[in-house]
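One structure below.
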Amino acid sequence: MSIALKQVFNKDKTFRPKRKFEPGTQRFELHKRAQASLNSGVDLKAAVQLPSGEDQNDWVAVHVVDFFNRINLIYGTICEFCTERTCPVMSGGPKYEYRWQDDLKYKKPTALPAPQYMNLLMDWIEVQINNEDIFPTCVGVPFPRNFLQICKKILCRLFRVFVHVYIHHFDRVIVMGAEAHVNTCYKHFYYFVTEMNLIDRKELEPLVSTFLCH
């Protein structure tokens, strides 16, 4: 592994602290199973399929947290180059602009510089995945009825990080030697959300050509 690529896995570069699964829990076992499939070199399309007999919500929860951690790490490696000067608007090229809304401070979709949008996004997701009422960690505690809807919104917004990184900062990813890692992470994400039908195909359009190219 190159020194540059090691930076991608450097915990000090992580944009946010990683959320981990408690050993001994069903979700920890699912997480280990998912990671084992990926590490064994199994086809990504096969790796994202819901294992027989497993609960869909548990499978989705494991992946949402894992993608949050991974995408955090990816953005953390380029965040020093993503500034209000270089990225005054959170966008994915001239065709796509993403506005922030959280029903708290920003009650209406608001145009923001990319780094500010990213900070708000990661804070917002962190609150969701650490909320025991949404992502319960105790055995026997049910997921809320709207759990998949919440996850769809989280994943849709995480996808926008990929869009911004690919379109505006991929040159830095290449310089760091992290291209293969980021591409694999994106393909894993893409296959999962399409397999589980968690993101509208229209939302995925900004990176359709990128996915085909990589």
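Glycine residues also receive a Cβ, built from the backbone N, Cα and C atoms like all the rest.
Quick look at what TrEMBL lists:
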- CYS82, CYS87, HIS164, HIS169: Zn(2+) binding site (BINDING)
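Structure with TrEMBL features highlighted.
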residue	record	Cβ neighbours (10 Å)
CYS82	Zn(2+) binding site	21
CYS87	Zn(2+) binding site	19
HIS164	Zn(2+) binding site	24
HIS169	Zn(2+) binding site	20
Chain-mates of CYS82, CYS87, HIS164, HIS169 with C-beta within 8 Å of site centroid, Zn(2+):
ILE78, PHE81, THR86, ALA114, PRO115, MET118, VAL165, HIS168
